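See structure below.
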Amino acid sequence: MASPAPEAGAIYPANGGLTDPLLATVNGHGTAKKKANHAAKGKYWVASDKAERRAAKESGGEDGGALLFRRYKVKGALLQPYRLLIIVRLIAVLLFFTWRIRHNKSDIMWFWTMSIVGDVWFGFSWLLNQLPKFNPIKTVPDLAALKRHFDLPDGTSRLPGIDVFVTTADPIDEPILYTMNCVLSILAVDYPVDRLACYLSDDSGALVLYEALVEVGKFAPLWVPFCRKYCIEPRAPESYFDMVAPPQAGRASQELLNDYRRVQMEYDEFKVRLEKLPDTIRKRSDMYNSMTTVEGDAKATWMANGTQWPGTWIDPTETHRKGHHDPIAKAVLDHPSCGHSQPNAERNPSIGATDEHLPMLVYVSREKNPGYDHNKKAGALNAQLRASALLTNAQLIINFDCDHYINNSQALRSAVCFMLDQRDGDNTAFVQFPQRFDNVDPTDRYGNHNRVFFDGTMLALNGLQGPSYLGTGCMFRRLALYGIDPPHCRAENVTAQASRFGNSTLFLDSVSKALKQERSTTPPPLDDTFLAELERVVTCSFDKGTDWGKGTGYIYDIATEDIVTGFRIHGQGWRSMYCTMEHDAFCGIAPINLTERLHQIVRWSGGSLEMFFSHNNPFIGGRRIQPLQRVSYLNMTIYPVTSVFILIYSLSPVMWLIPDEVYIQRPFTRYVVYLLVIIVMIHMIGWLEIKWAGVTWLDYWRNEQFFMIGSTSAYPAAVLHMAVNLLTKKGIHFRVTSKQTTADNNDKFADLYDFRWVPMLIPTMAVLICNVGAIGVALGKTAVYIGTWTAAKKMHAALGLLFNIWIMFLLYPFALAVMGRWAKRPIILVVLLPVLFLLVALMYVGVHILLSGVTPF
């Protein structure tokens, strides 16, 4: 087993081990807690690859065959009851349906019929969600084995090349500082610099992002050696300086203290320069424009070297506005073999002794033209894919959203373990990491961490064909993205065809080299001819008449390009792997505002429905997908439909307003008891799941609450969007999720308390009001009729109220959101709700007294 990575926020001596941190974390997540969580996860798992490792040793030891990850399965003492309970619940659900149909007695038969349809759908969707979890498998990278096999004694390495893609769409909604921290963490990752390149895709074509990268190129020669020298974690400076306490005198060497202070001071100056960039660019442009333009001429945006910026201009013109500009590709840092700028040894004497070489850094902005569909994020990724093929053509690719950063410097090596393993490596198309966030409020009010999905569902798929692609933090094999079949089903005469890949000779040559696993040690000379071809492969018309976006690259025409791209790759017979690390590999920024979070959910769920109604439908697509893997994809594409029935059920408490008793099913008591048994069994299965997944009860409960909120807002909105799409052929509108937070230096979670009203929240508000009113009316009816009700009626009232109260518990986070800043004191809501129930009850009693002589109740 590989040694664990350093704890977040710790500095380790260059010649020391990984057990004596010089700096302690101050974010409240200590070492003891992490070790306890790790132990809790581990006690339910047992190694399942002992025979493979024994065979490898018998055939000459592990050195004879690279086994680069360990495989674990859930212990039988937990797995067998888990499987048995799934089967028992399935039988119980079938018996429940049989009983309901045989006793088709209801006061409102149309509502009974609708409830039968809804219950059948609930059972079907539960089965789709549960079947793929029958065989959870955990795989753990063995970094020690990777080092033993691929790091050579002379300091060189046999590791494959990696091209890292970072995508950003807007420097306003996606703050520049986040993006630059992402890039800095990539430049500082623990991987051979001559085999690593970083590509930033800027869909806005803004000069401010290019010049921010130039500033990164100036600060990185100080930051990267500092990280290497002291084994810094994490390697994004903003997160590092925010999480880590300064070194204390007596616990650290004077050299460390001096370096820390120096780097921190330089980083503060770096941030100031980033903040000033918009004003700097405007002032420079005003100066050049005043010298070169005449009255009425367009005012250009000027670069520092005195040339006009080919992207968007501050004062936009027809051909230099957002959504309409030329292609741009510029190398900010050359390949290390070309001898790019090195830090000044006299300026940084203590850090200069450390390896100063930096990976290649490239800025890419694909051409935008109003006459072309730019295919959102998928189009930007495909442009990066082609540009990187001409420059570095690395065998492996990993992509990040610009709000993520590398939290564990060993993350890329961990993914490579799965790609190079002798058992599954050649047929592994991609390695997906879970998404983690470090800006979420401590209680995770809106379920941003989504651990039930990442640590449960995705981990379970590891036992099938592998997890789905989830948009960020995913390492791909370049050939799999090109639409090439895996080795075990690949034809021998595969060729790079212009009709499929486009008519760029240089790009077709790069595809041929990729097929032969060839990679040059240095990029070609960046002369005018090469740069012209580099810009040509990122033009908006290059995809036209090719297979890009269909069978090649990231898939177009669907809002969620990630799931459908993973489906296309699995459908060719490739498998994928899920990689979790004790010290999280990557961290990012999540939208903690409810409205922004729901907008994100609308796009995800709407894209899933689009996939179901496309030729990538899991029923008919993917000729080589395994049966249970197909079931999993089917669940991922139709789950929003469940919200329609949930919304109807959630509004049914309005029946309390009807004077007479109305029952959806008779006998009502037995119906509710059966229903409760089935619901309790779901949570019993969930309890066993969170045991092997290492999920807490709070994570599980937040997942339940947010699913309820989404099922009354975002998911129905997505279903409506899909219905409109089928009628009008207009897809889901892509909206960049804003990561800008409410300006409040005193409260990092200020955005959590900012309630932004949007129409999709109307159904959720209606459900909340309906259930508050129902509980109040029920209390009023109890006060009025308690003396005349039979025992059966009292039982029916209690069972009905149980359903109302359950919904109120599920909608608790939404009620807090409505309260805005008052929600900082949740006790207010705890007091307010009973007061509201009592007021409604009093109103009911008052109206009853007022009308009792006129209208019978």
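Placed from the backbone N, Cα and C atoms, the Cβ positions cover glycine too.
Keep in mind that this is a model prediction, so the values were computed, not measured.
Residues or ranges marked as active site in TrEMBL: D203, D562. According to TrEMBL, the feature UDP-alpha-D-glucose binding site maps to E174, D203, K376. Per TrEMBL, Mn(2+) binding site is recorded for K377, D401. What TrEMBL lists as transmembrane segment is 82-101, 108-128, 638-659, 671-694, 706-727, 757-779, 799-820, 827-851.
Location within the structure of each feature annotated in TrEMBL.
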| residue | record | CB count, 10 Å |
| --- | --- | --- |
| E174 | UDP-alpha-D-glucose binding site | 23 |
| D203 | active site | 23 |
| K376 | UDP-alpha-D-glucose binding site | 21 |
| K377 | Mn(2+) binding site | 22 |
| D401 | Mn(2+) binding site | 23 |
| D562 | active site | 23 |
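Recorded stretches compared: 108-128, 671-694, 706-727, 799-820; the one with the most Cβ pairs under 8 Å to the transmembrane segment (82-101) is 671-694. Nearest to D401 (Mn(2+) binding site) in space, judged by Cα atoms and limited to the recorded positions E174, D203, K376, is E174. If you compare every pair of Cα atoms in E174, D203, K376, the residues listed for UDP-alpha-D-glucose, the longest distance is 15 angstrom.
By the count of Cβ pairs under 8 Å, the stretch nearest in packing to the transmembrane segment (706-727) among 108-128, 671-694, 757-779, 827-851 is 757-779.
Between E174 (UDP-alpha-D-glucose binding site) and D562 (active site), the C-alpha separation comes to 20 Å. The transmembrane segment (638-659) shares more Cβ pairs under 8 Å with 757-779 than with any other stretch in the list 108-128, 671-694, 757-779, 827-851. K377 (Mn(2+) binding site) and D562 (active site) have their C-alpha atoms 10 Å apart, to the nearest angstrom.
Across the structure, D203 (active site) and K376 (UDP-alpha-D-glucose binding site) are spaced 9 Å apart at their Cα atoms. Here the CA atom of K376 (UDP-alpha-D-glucose binding site) lies 12 Å from the CA atom of D562 (active site).
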